[in-house]
Structures are given as structure tokens and as C-alpha cells.
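To keep things clear, I will list the structure first and then write my remarks on it.
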């Protein structure tokens, strides 16, 4: 008999739910195709489901035909991308997570106060590329305490830091500690820039590890937050695997295993978790229980540009992208509200 213990919380966060809903509603209002720059979230199942509905995923705006509705992914984009869309007159709906937008605003504010800005994150991640491109000024990217030590910046320089939202909480704390050790004047948000969902899921996996012999994380290989969950299991000394769904289960993993801890990254839908449970059931008898944990009631408002898409479709007029972008900026403070 294998016991499966489910982490709580797990799976979709508010930013992912919002991003998927934006694409769904855009398709409902204007019909296919709707173009999406980059994967809307890092999960192949989600992307394939939206493709089947008529979403077309591209990496560059040059791949978008003139006049076609375009959605920016939850990870955010550089200002140059926004400008290119405006110059081409593309109707844009920005699905950037409000918590990522918050990081952009913090970075700009720190620079405006004359501080040297340090961004903690993983080079090459779409969120990092977007953040670097949203801040008009020099930004020093570091991903580890060792990289902090190699920064060629005088120790008495006033510095500020911001962070990628999907980092390991513990790793980020070590980088922040290195910054405070190297510089005499450091300000920043501690780990509060790491989003609530990332922190909650990491804490839940740590609790899961205390009761499990094996950790399974449902998520895609390019999902930063999913990889961090697997790393926590490994750090706790448990065999830990990142899998897309139940089809990737290997029976060998369960030899001598009594209790399996099961969780999912913030971009993985619950149906994939259930597919893993089904696959384990095929190996023999199982019981399933769920840990007590944080109940997430956060939701983010959809951007007002979706309403413009509906009006544009009804009147057969072109969306004024400049006006939409202005309204989006004006509503940023409202978009970032966390609602129960």
C-alpha cells in the first residue's frame, strides 16, 4: 500500500489563472487567432490546450501579422517590445503578473533615488529579460552569493535590490545576506518580492518532506518555480522528480517506498496532479490524503483592454493601442490589488 500525500497549496496561482483567462477571453471576444508572445505560462499542457482553442504562440512580434490581437505572457516584456507593438498598431493585452509589475515599479523607484540597482535572479529567464528591459538604467544581475562577491562596485555605494518572483526563498536570503555583508548601505524588500504563491508552495513542500519517502513535482522543465520545488526535496535528502504528468511515472521509483509526497508548480493544472495519482494507482493499492496548509483566496483583476477588444470587435474598429496602454498604466495600482 502506497500513501500519497498532497501538498497544500499546489498548482495554479492567481497570476497564472489571470493570464490563462486573458487568452481565453480574448479568443471568445475576437475569435481565433489570438497571438501570444512567449508561452503564456511555462506549462506545455496549458499551452497545447490554448493552441487547440486558436491561440498562436510566437517568440517575436515580427511573427505577428498586422492588426492581430497580441497577448504578452505572464512573465512580462521589455519596454522595447511594448514600443514595437505600439509602432505596429497591434492590439495588445498585457498578461504580465501584477506581482512582476510591482517589481518593475520598485526597481524604477530605487534608481530614481540614486541607488545602484541589483537584480537577484536567473539569467535568461523571461521574467528577468522583461525586468531588465523595463528599467531605464544600469542593473547588475546576480544569481548567487558568489556572484555578489565578484561585483566590481565600491562597498560604500548606496545599493538597492529587487528579485525575480519565482526564486528559492532560502537561496535568495543567502544572496541578500551577501549583499548586506559587501555593502554598507543596502535597501530592498527582503524576500517579499518572491510571490506569495512561490513562498507558500515551497513551505508546503518542506512540510511534505517531513512525512514522505519520495517527492513528485508536477511541472514543466522550463518552469522556474517547479524546479525550485524539486530542489527542496533533494536538499531534504529525498529522491525527487519533476514530471509533466502521470505518463512519466517510472515504477522503479516506488520500490521500497511507503509514502509519496505530491505537489505541483504554480503553472501546472490540477488535472495533471490527478493523472499522476491515477498512474500510481495502476501500480497497486493507494491511499490519498492532503496536508493542512495555506488556503489561497487571492485573485487579480483582468486588464481593461479586454473590454476594448469586445468593443472593437462589435464596431469593426481598430483598437487604439496607445490609449489602451495608457489606461493599462493608469490601472496598474488597481490591477495589483489582491482580492479575497
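Every residue gets a Cβ built from N, Cα and C, even glycine.
Residues or ranges marked as [4Fe-4S] cluster binding site in Swiss-Prot (evidence: sequence analysis): 13, 97, 195. Under DSSP, residue 195 ([4Fe-4S] cluster binding site) is assigned to coil, being neither helix nor strand in the three-state scheme. Taking Cβ-Cβ distances under 8 Å and a sequence separation of 6 or more, the neighbours of residue 195 ([4Fe-4S] cluster binding site) in its chain are 13, 15, 97, 99, 165, 166.
Annotated (2E)-4-hydroxy-3-methylbut-2-enyl diphosphate binding site per Swiss-Prot: 42, 75, 125, 165, 223, 224, 225, 267, in sequence order, evidence recorded as sequence analysis. The number of other Cβ atoms within 10 Å of the Cβ belonging to residue 225 ((2E)-4-hydroxy-3-methylbut-2-enyl diphosphate binding site), over all protein chains shown, comes to 26.
Sequence-distant neighbours of residue 125 ((2E)-4-hydroxy-3-methylbut-2-enyl diphosphate binding site) (same chain, 6+ apart, CB under 8 A from its CB) are 75, 164, 166, 224. The DSSP secondary structure for residue 125 ((2E)-4-hydroxy-3-methylbut-2-enyl diphosphate binding site) is coil. Summarising the annotation, Swiss-Prot assigns isopentenyl diphosphate binding site to 42, 75, 125, 223, 224, 225, 267.
Using a 10 Å radius centred on the Cβ of residue 267 ((2E)-4-hydroxy-3-methylbut-2-enyl diphosphate binding site) and all shown protein chains, the other Cβ atoms total 31. Taken from Swiss-Prot, the feature dimethylallyl diphosphate binding site applies to 42, 75, 125, 223, 224, 225, 267.
As annotated by Swiss-Prot, active site, proton donor applies to 127, with the evidence given as sequence analysis.
According to Swiss-Prot, the feature region 'Disordered' maps to 317-340.
As annotated by Swiss-Prot, compositional bias 'Polar residues' applies to 331-340.
It is 11 Å from the Cα atom of residue 42 ((2E)-4-hydroxy-3-methylbut-2-enyl diphosphate binding site) to that of residue 127 (active site, proton donor). If you take the C-beta of residue 223 ((2E)-4-hydroxy-3-methylbut-2-enyl diphosphate binding site) and look for same-chain residues 6 or more apart in sequence within under 8 angstroms, you find 42, 43, 265, 266, 267, 268. Cβ neighbour density within 10 Å is lowest for 224 among the binding-site residues 165, 224.
Following the DSSP three-state reduction, the secondary structure of residue 224 ((2E)-4-hydroxy-3-methylbut-2-enyl diphosphate binding site) is helix.
Other residues of the same chain near the [4Fe-4S] cluster site, with their Cβ within 8 Å of the Cβ centroid of 13, 97, 195, are 14, 15, 16, 74, 99, 100, 165, 166, 196, 197, 198, 266. Residue 225 ((2E)-4-hydroxy-3-methylbut-2-enyl diphosphate binding site) and residue 127 (active site, proton donor) have their C-alpha atoms 12 Å apart, to the nearest angstrom. If you draw a 10 Å sphere around the CB of residue 127 (active site, proton donor), it holds 22 other CB atoms from the protein chains shown.
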